[in-house]
Amino acid sequence: MNPVILGIESSCDDTSAAIIKGDTILSNVVAGQKVHEEYGGVVPELASRAHQQNIIPVVHKALKDAGVTVSDISAIAFTRGPGLLGSLMVGTSFAKGFALARNIPLIEVNHLQAHVLAHFIQEPGQQHKVPEFPFLCLLVSGGNSQIVLVRDYLDMEIIGQTIDDAAGEAFDKCAKVMGLPYPGGPLIDKLAKEGNPNAFEFAKPRIPDFDYSFSGLKTSFLYFLRDHIKEDPGFIDNHRADLCASLQKTIVDILMEKLVAAARKTGIKEIALAGGVSANSGLRQAFLDGQKNYGWNIYIPKFAYTTDNAAMIAITGYFKYLRKQFVGQDVAPFARMIL
Ligand code: KG4
């Protein structure tokens, strides 16, 4: 019998619960938090308070959407880290209480591993093709930019990562400099469609191996705008689309250059994309180009499974359940958990 697993995600500003039966998702409920919008970024204290309010209604809805009851749940999986400690504590405490009350196994999940394993979530009645091991996964979000070598479901190694800002952060911070609201990544993507990606050139970092750096780009973008605004106060308004298109091209080029190099060095052609920035149309196009130019088999999950969600926690919980990787009631959240 396939286990039915309840997944809980509360690492940042989305409270999410999902039910998975085997590898087939039955429900995935996400409650976002509007409270942060006016601050231009996530406020940790407000995030944990909102999780506290959201968690029970979100779990109730996930059970209802899946058509199951609490007594059908075989195990509960939760995000242990990385993330905001106060936020993680809400999901962890809920999961511990639920496991204790129902006398079922408790499974800790690494949020980054879950982003990668999101590729294995199947929808009812339609099996999609999943990556073959070993594969490379470019994991790009608001907090991470990594190239992960995935040898097996629970055997992963980071072979390249950012030494400072994440790619999503670069999008968001540059958007802020242009006066766009948070999170600016999706807005830059939208505006870029009307602009010329070769209108402006921004310097790319020189970082060894497969590592990334995005903090220099943010600074050079800021100085670039400041210099031009001195001569033309309306520079940003007059060139917004070209600025977005050129910035997006630079970020995508930086990401792809290292990924192509990693694929070449390892000889791997199974290439996957994960994390919130995978919604970016420029990056998606670059993956399609990789398929054409390098013979890659590419994998991009459904949008709902790329941003923070509990479906990916549930599928990771499933793989750990099969290996009986359970934890005890003494488990505590771990804000700086690594892959
Ligand atoms: O994985 P995610 O939902 O959560 C965090 O890690 O926080 O990623 C969110 C990030 C934000 O930085 C957001 O601006 C970026 O993903 N993002 C995008 C796009 N959609 C979301 N960046 C560029 N283009 C997009 N279409």
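The backbone N, Cα and C atoms fix where each Cβ goes, glycine too.
Keep in mind that what you see is a predicted model, and the values were worked out from it rather than measured.
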Check your understanding: So TrEMBL lists HIS111, HIS115 for Fe cation; which of ASP308, ASP330 goes with them?
Key -> ASP308
Practice item. Check TrEMBL: it lists LEU139, VAL140, SER141, GLY142, GLY143, ASP172, GLY185, ASP189 as binding substrate. Then name which of ASN54, ASN280, ASN293, ASN297 it lists for that same site. Key: ASN280
Review point. Near LEU139 (substrate binding site), which residues of its chain come within a Cβ-Cβ distance under 8 Å, counting only those 6 or more away in sequence?
Key: LEU112, HIS115, VAL116, SER145, GLN146, ILE147, VAL148, ALA274, GLY275
Practice item. Restricting to the same chain and to sequence separations of six or more, state which residues have a Cβ under 8 Å from that of ASN280 (substrate binding site). Key: PHE171, GLY185, ASP189, GLN248, VAL252
Review point. Under 6 Å from ligand 1 by Cβ, which binding-site residues from HIS111, GLY185, ASN280, ASP308?
Key: GLY185, ASN280, ASP308
Point to revise | Collapsed DSSP category at HIS111 (Fe cation binding site) | key: helix
Review point. Do any residues at least six apart in sequence from HIS111 (Fe cation binding site), in the same chain, have a Cβ closer than 8 Å to its Cβ, and if so which, in order?
Key: GLU9, SER11, THR79, GLY81, PRO82, GLY83, ASP308, ILE313, MET337
Point to revise | Cβ neighbour count (within 10 Å, all chains shown) around GLY185 (substrate binding site) | key: 26
